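Contents: one structure, followed by commentary.
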Amino acid sequence: MVKAVCVVRGDSKVTGSIVFEQESESAPTKITWDISGNDANAKRGMHIHTFGDNTNGCTSAGPHFNPHNKTHGAPEDSNRHVGDLGNIETDANGNSKGTVTDSHVKLIGPESVIGRTIVVHGGTDDLGKGDNEESLKTGNAGPRPACGVIGISN
């Protein structure tokens, strides 16, 4: 079992943690998040970005992690970036907790996401269905108010 954690923070009040667990290279990865400080009753895009570089805030993280050179999509789509985690949904207090299992995201092997950045975006991810070029790259998920680097944990 490999475990990793990402603590997100930024220039906004959005903070939280995301935990990853994977049993083996062929197994799906369990992703659990607890994030607060977002707008109430909102959907906010959450993606794994290519670089673990936050030198200039979340903008240094680069594009979505996309080792297969696909277009942006929903987590359940076969044509999607590895880093496309879709939207988190917030409650009346702007908090979001949840768990998903993802067979594209890996902690083990050559496409490991350890050392890459998770960005919690300021807008809703249109899941690549926005009928424009930017939708196919970013899902039009907007600014990057909070992020953190995924690190191995015990």
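Every residue, even glycine, has its Cβ placed from backbone N, Cα and C.
Between Cys147 and the candidates Cys6, Cys58, Swiss-Prot records the disulphide bond with Cys58. When Swiss-Prot is compared with the stretches 61-81, 124-144, the one noted as region 'Disordered' is 124-144. Asp84 (Zn(2+) binding site) has His49 as its nearest neighbour among the recorded positions His49, Cys58, His121, Cys147, going by CA to CA distance. Within 8 Å of the centroid defined by the CB atoms of His47, His49, His64, His121, the record's Cu cation site, lie the Cβ atoms of Gly45, Met46, Ile48, Ala61, Pro63, Phe65, Gly83, Asp84, Ile118, Val119, Thr138, Ala141, Arg144, excluding the listed residues themselves.
Ranking the recorded positions Cys58, His64, His121, Cys147 by Cα distance from His81 (Zn(2+) binding site) puts His64 first.
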